[in-house]
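What follows is a single structure, written as structure tokens, with notes after it.
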Amino acid sequence: MTHKIAVLPGDGIGTEIVAEAVKVLNVLELPLEMETAPVGGAAYEVAGHPLPEATLKLAQASDAILFGAVGDWKYDTLERRLRPEQAILGLRKALGLFANFRPAICYEQLVGASSLKPELIAGLDILIIRELTGDIYFGQPRGRRVATDGHFPGAEEAFDTMRYSRPEIERIAHVAFQAARKRSKKVTSVDKANVLETFQFWKDVVTEVHKEYPDVALEHMYVDNAAMQLVKAPKKFDVLFTGNMFGDILSDEAAMLTGSIGMLPSASLNANGQGLYEPSHGSAPDIAGQGVANPLATILSAAMMLRFSLNQHEAADRIESAVRAVLAAGLRTPDIWSEGTTRVGTREMGDAVVAAITGKGITKS
Ligand SMILES: NC(=O)c1ccc[n+]([C@@H]2O[C@H](COP(=O)([O-])OP(=O)(O)OC[C@H]3O[C@@H](n4cnc5c(N)ncnc54)[C@H](O)[C@@H]3O)[C@@H](O)[C@H]2O)c1
Ligand SMILES: CC(C)[C@H](C(=O)O)[C@@H](O)C(=O)O
Ligand SMILES: [Mg+2]
């Protein structure tokens, strides 16, 4: 059976890193039918909207989506509905991609690349599960108004709405507990229940759902403490799960435990198993076009796509083994480079992964 993949490179380094992931997928000789379409700023330029109808329809009709990144400073003054980020937010909402998986794994060859002490992160393998279609990201109402109370009545103010319904919390809690059952059977639910009613409700509902998983240990942790614990003792976590906003922040922090945000893949799944696969980082306009972006998060996201949405576990294993082989051969993009390793660019890193997969041997330029 042929799998239909929507390839959405986006902006900035998105085009560079997705090209490497597609190169890797092509050598696996799988029944994949890949179709590319514009999103983000690139789509705004050609279609006047960050998520054109044709791109959305392609994504909806696909078995999986390989997404690069969207955004650029030049679009930051556009009205919000036209900004590039609306492409990824729109896809998440339209496809119901509520469950976001961000595994933070510190490969043994990258222990020295992390900003933390080796003993703290050696062997690190934690899974951040982020609820992705609720919270303050999508809460209504939001906007601008004249304050009628507070410290400055009559002043201009902006406001957003943080909200979660019981079913939204229940379904992501089940995802977290079921994931933990396949790992070390430990879940840390991160909230801010000591201040926010939304997250007191989150904590109450998670505690109720946990009764169905007596074999899984559950701890609740406030988000400020979790942010500190992630750098104090990251290996104490196994499955860390939380809401949309906190998950966004904590996953970038966790990325640095792995050596670079260029190493953090992600999978965003809906209830039907259809998924969007993207690196956790963004379009990196500060290095876009220089050929130095690390493509491994995107390549590893492609492996997650093969595993989670296409049931191609052996092919996913081949990609992950090839990434480890390339790192073991000492190849490093600048974000993970250290003395004694070989500095390579985006394309060379992709070529090395391809060489490791095809058995042609990894060459150091
Ligand atoms: N899913 C997405 O499309 C997504 C995610 C995050 C940010 N963004 C957008 O990206 C743009 C830039 O945002 P930002 O700078 O805050 O975050 P960013 O993740 O793009 O970059 C943060 C830092 O990490 C570096 N970096 C990121 N990916 C890298 C890689 N693969 N290899 C090497 N270095 C890498 C960048 O050079 C930068 O110094 C913004 O428009 C933002 O909205 C998009
Ligand atoms: C680009 C932005 C909307 C997005 C988010 O906040 O979810 C990004 O930071 C991410 O982590 O995918
Ligand atoms: Mg983010």
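Quick reminder: no glycine exception, Cβ is built from N, Cα and C everywhere.
If you look up TrEMBL, you'll see ARG92, ARG102, ARG130, ASP224 marked as substrate binding site. For ASP224, ASP248, ASP252, the entry in TrEMBL reads Mg(2+) binding site. Feature annotation from TrEMBL assigns NAD(+) binding site to GLY282, SER283, ALA284, PRO285, ASP286, ILE287, ALA288, GLY289, GLN290, GLY291, VAL292, ALA293, ASN294. The domain 'Isopropylmalate dehydrogenase-like' feature in TrEMBL is assigned to 4-353. Taken from TrEMBL, the feature site 'Important for catalysis' covers TYR137, LYS192.
Projection of TrEMBL feature records onto the structure.
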residue: ARG130; record: substrate binding site; Cβ neighbours (10 Å): 27
residue: TYR137; record: site 'Important for catalysis'; Cβ neighbours (10 Å): 18
residue: LYS192; record: site 'Important for catalysis'; Cβ neighbours (10 Å): 20
residue: ASP224; record: substrate binding site; Cβ neighbours (10 Å): 13
residue: GLY282; record: NAD(+) binding site; Cβ neighbours (10 Å): 22
residue: ALA284; record: NAD(+) binding site; Cβ neighbours (10 Å): 23
residue: ASP286; record: NAD(+) binding site; Cβ neighbours (10 Å): 9
residue: ALA288; record: NAD(+) binding site; Cβ neighbours (10 Å): 18
residue: VAL292; record: NAD(+) binding site; Cβ neighbours (10 Å): 20
residue: ASN294; record: NAD(+) binding site; Cβ neighbours (10 Å): 30
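On the backbone, the CA of ASP252 (Mg(2+) binding site) and the CA of ARG102 (substrate binding site) stand 10 Å apart.
Here the CA atom of ASP248 (Mg(2+) binding site) lies 20 Å from the CA atom of ASP286 (NAD(+) binding site).
Cβ-based neighbour count (10 Å, all protein chains) for ARG102 (substrate binding site) stands at 24.
ASP224 (substrate binding site) falls within a helix when secondary structure is assigned with DSSP. Cβ neighbour count for ARG92 (substrate binding site): 20 (other Cβ atoms within 10 Å of its Cβ, all protein chains included). Taking a Cβ distance under 6 Å to any atom of ligand 2 as the criterion, the binding-site residues ARG102, ARG130, ASP248 reduce to ASP248. In this structure the alpha carbons, written CA, of ASN294 (NAD(+) binding site) and ARG102 (substrate binding site) are 17 Å apart. Listed in sequence order, the recorded positions among ARG92, LYS192, ASP224, ASP286, ALA288, ASN294 whose CB lies under 6 angstroms from an atom of ligand 3 come out as none at all. Between the C-alpha atoms of VAL292 (NAD(+) binding site) and TYR137 (site 'Important for catalysis'), the distance comes to 31 Å. Taking ARG130, TYR137, LYS192, ASP248, GLN290 as the candidate recorded positions, the subset whose CB lies under 6 angstroms from any atom of ligand 1 is empty. Apart from ASP224, ASP248, ASP252, the Mg(2+) site neighbourhood in this chain, defined by C-beta within 8 angstroms of the site C-beta centre, holds VAL223, ALA227, MET245, PHE246, GLY247, ILE249, LEU250, SER251, GLU253. In this structure, ALA288 (NAD(+) binding site) belongs to neither helix nor strand by DSSP; it is coil.
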